[in-house]
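Got a structure for you, questions after.
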């Protein structure tokens, strides 16, 4: 059921930013109110990222009002806050399809709209890409402007500072908007600071500023004195010294919910030369009390009733793999004070809330800094402690060199608890955990495990934690297990799988949580099923035995086929000169789009029906 746009009379006038720029400035607060309500009513029906968008309403309206999008470059970091941007850029009537199969993409996406200048999803990429676009715009010389919007979390990543350091060196015309949505508004925000921001960004101040620099440019001591004086005056009322040192002209902080003041400040800043940084303070979840009070829980939401102000509880009573991990952490830490758990800003998602409260001295949230997280763990291991890096599969990609250079080469005992392995679902291409088995399998000294259920996950985490001869990775999926009873912790034999079902002719070598589908298919085809458990080292003895006893081997994994566990089986068989037909089933050579997890598995032939169909087709071909 679509939303009746007639209930939003000002928003109804705005299909695109061109329409927005025709509105009188005085109508913008009304537009913001309607846009906020529209976002509430749409996301509550569709699910999606919520609190961030509520906090970015005024900024979104002001940016599209002042800048000539899509001619000007507007880049959103991560993209959680970009739902209002999508609503204002011709996608209002489809916003209720966001994150669904064949619906709007959850993040800004270049193939979806000319207003989306950069595909995003991972953090802290906006300033680097924006800097490249700004340099290209200068070469183009058509007056195109570039704006990057980045949050206070994303700007903590090293990549953002690398980009700002470079921008300060080459001095392009660009604007970085720091959307600071901490829980409380800064003391500096208010009438005085809003007025100061407009003054410091105004023509008179900037003319005097640049003119003075030109006059005294030949007298280095005086030029330096002017620079220090300016920084001192600004430093008395604004916290921008760090950004000034990087070469940015800092303006702010200002109230990010005063759309009229934002429009004035952005208008003043639009034609300033060199790198500019506008620091705005916003409230995550603004305008909806439950989200304001608990922005973490309301960051990404299922469908809910806006009138009740409560989020529905999951109907699945089985624990998630993330919770299994978090509970195991607490159980292990209870008897080992050398356990150190690390997360790059994913405490809630990784199931570490309980651990962080019960063992605060052994818990480290290093912010959005995956590279640092891994090398920090390496240092802890060298110091005699037992580090565990809890990280999503898709984010481990950002720390690949550190895994190799700082951990594996030195054979350091670091346990990688890799969450969201395989198909993640609604967040789409940027968040599927499709590649970890492939990019980890080729690293020497690395042990890799993939559990088939939640009990096996616990045992593998325990095994990896107590293995002290090198790094270990345990990868597990998003979502709940199958309800397997949890057994007391014990170490598994390294590199050994087990037979789950004995059959004939066909042997399915399963890696990970597709085991129920494998067993379902095996019942129909009377196939053998092996729960391989280890991707590296492979159970050579078991694989060769299955190859000798069966006509066809089928490898099954929720990872890219190229370079994955099945590729490892192929390599082993070739090395042993064992000639047997092998069917590799897994993720194809494409970036897996958004949709429900079960929808995607069905589309890719990784549900029981698809697996059976693929095996029968391969079997028929082999018999010709």
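Glycine too: its Cβ is placed from the backbone N, Cα and C atoms.
Reproduced below are the annotations present in Swiss-Prot:
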- 80, 121, 122, 123, 153, 154, 181, 288, 370: thiamine diphosphate binding site (BINDING)
- 152, 181: Mg(2+) binding site (BINDING)
Over all pairs within 80, 121, 122, 123, 153, 154, 181, 288, 370, the annotated thiamine diphosphate binders, what is the largest Cα to Cα distance, rounded to whole Å?
32
Between residue 152 (Mg(2+) binding site) and residue 122 (thiamine diphosphate binding site), how far is it from one CA atom to the other, in Å?
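So the Cα of residue 122 (thiamine diphosphate binding site) lies 14 Å away from that of residue 152 (Mg(2+) binding site).
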How would DSSP class residue 181 (thiamine diphosphate binding site) in three states?
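DSSP assigns residue 181 (thiamine diphosphate binding site) to coil.
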Work through the binding-site residues one by one (80, 122) and point out the residue whose CB has the fewest other CB atoms within 10 angstroms.
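Relative to the other binding-site residues in 80, 122, 122 has the fewest Cβ atoms within 10 Å.
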Other Cβ atoms within 10 Å is the metric here; tell me which of the binding-site residues 152, 370 scores highest.
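Most Cβ neighbours within 10 Å: 370.
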